[in-house]
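A.B. asks: Mind having a look at this structure? Questions to follow.
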Amino acid sequence: MITLTWLYVLAGAVFAAFALTSAIDRTNAKRFGNAAFWGLLAISFFFGDALGDLGNGVLVLVMVGIAGFHLLGRGNPPTTDLAEREILSERLGNRLFLPALVIPVTAFAGTLLFNYTPLTDAGLIEPRWVTLILLGIGVLIALGVCMAWLKPPVLAPIEEGRRLMDSIGWAALLPQMLAALGAVFALAGVGEVIGGIAGSVIPQGSVFLAVLVYALGMALFTMIMGNAFAAFPVMLAAIGVPILIVADGANPAVIGAVGMLAGFCGTLMTPMAANFNIVPAALLELKDQYGVIRAQVGTAIPLLACNIAILYFASFL
Amino acid sequence: MSDYWVLLGIALVVVGFALKFNPLLVVAVAAIATGLLGGLNPLAVVAALGKAFNDNRYVSIVWIVLPVIGLLERYGLQQRARAAIERMRGATVGRLLIAYLAFRQILAALGLTSVAGHAQTVRPLVAPMAEAAALKTHGPLDESSIERVKAMAAATDNVGLFFGEDIFVAIASILLIQGVMSGYGIALTPLQISVWAIPTAVCAFVIHAARLMLFDSRLGRARR
């Protein structure tokens, strides 16, 4: 059975290759910083389960140190310039889209195949990770197609991948770090304290205010944690269940679904949701690291108002 | 109330992000401060950090697409995406991104969340297409307008994903809602929950599509 571990080995190999090519890139004054950073990430993917919690913790702190003390630079691997790309693009035509589409199409067809055919029970792929593993398979197929068709230098995929990886830099690690922060917050009891505050600010007897505090609490706590999943159990325990569902008789399906979506409005407005908001800014090489958030606030706030209205009117139908 | 001290970590994050310190450093300092204030010993805090980091490695898997995307860029993929838009009649930023929003929401509602994304589709295809559409309809734009076009492409991907995925019954957040509710003795089926994601999905589409049209027309007025 193909498991998540296979994918980790693949990712480890990719990061190890980034580390090795970084180490010999003399165009980057901080090349050893880059080599160490991507090398440690490769170690995490290869051996993370064997390092133990404390070992992983030390690894994380060293990586944070490398990024935090500006030891991470940007390599300039050899690539084509804009004029060459215009010519290549004309020559290769729309066929260039095909390899790019291999990845989503593999994920699409594979997911359908594994969910709706007898393959579901064949035990080929670890069920929990089907889409992610199919993404990995799609990458390998697309890479094979590109190498066979375009015949680039053997190291080109690694060098081109490293070019993009270096433009993302430390931001690549932020989503994992924030997940770790969320775990520490949970251990220290931050959720209970916030839930206690939210539960105590509700005035007696007003259903609308209870709905308002529940939805705004979901959005705000999600902004703090960067993740609606962490906020949901806390707000449900503080307000959703005792006040809205039990005391006021609200429909639990609405409270659950729309409460979560109120949290997603918060996700649109916080740098803590780094993989959605900060990483794309780096990936698109925006000057303003909060540019994506700025583009989203205008959708998030009216949508939060809609969610409050849906909660108020649909919960008591 | 001494309990409130654990909230100091949140304050550290807010201040650190606002002052634009390196976010990795801010998060590490906040985690350690919160853990210590929450009564954990320093080694336990480092271990908790390490365990969560290790458990969440799957978040960083998506970077394995970069070699393919980089390789295709080397052969002119972004230029190709621009050329395709330039040849398409009636393509504007607003219409292009509304179409992408609908595509992303529908696929996410079918559970196909990894089909698109910032690395897979936005950087190589959607952002250059949006930029080309903007330049085509509005002529030369200044740098900050182009930045806003790209940011809007990424924003559209997020809105489509977030407010489509909960319509699918087997997505993590629906299962989480079901699980937490059952802890209170409230039995719900995934379908009962996911139908209530539909009104918000419709609102999200209407609001974001309206903003995209407005964005497009303002872009025309802001032209140099």
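Glycine residues also receive a Cβ, built from the backbone N, Cα and C atoms like all the rest.
Relevant sequence annotations retrieved from TrEMBL are reproduced here:
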- A:6-24: transmembrane segment (TRANSMEM)
- A:54-75: transmembrane segment (TRANSMEM)
- A:96-117: transmembrane segment (TRANSMEM)
- A:129-150: transmembrane segment (TRANSMEM)
- A:170-190: transmembrane segment (TRANSMEM)
- A:202-221: transmembrane segment (TRANSMEM)
- A:228-247: transmembrane segment (TRANSMEM)
- A:253-279: transmembrane segment (TRANSMEM)
- A:291-314: transmembrane segment (TRANSMEM)
A.B. asks: For the transmembrane segment (A:253-279), I need the partner stretch with the highest count of C-beta pairs below 8 angstroms, choosing only from A:96-117, A:129-150, A:170-190, A:202-221.
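C.D. replies: Checked against A:96-117, A:129-150, A:170-190, A:202-221; highest Cβ contact count belongs to A:202-221.
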A.B. asks: Short question: most Cβ pairs under 8 Å with the transmembrane segment (A:129-150), which of A:6-24, A:54-75, A:170-190, A:202-221, A:291-314?
C.D. replies: A:6-24
A.B. asks: Short question: which residues 6 or more past the ends of the transmembrane segment (A:202-221) have a Cβ under 8 Å from it?
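C.D. replies: Distal contacts: 194, 228, 230-232, 234-235, 238-240, 243-244, 248, 255, 258-260, 262-263, 265-266, 269, 304, 307-308, 311-312, 315-316.
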A.B. asks: Between A:6-24, A:96-117, A:170-190, A:291-314, who has the most Cβ pairs under 8 Å to the transmembrane segment (A:54-75)?
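C.D. replies: Going through each listed stretch, the top one turns out to be A:170-190.
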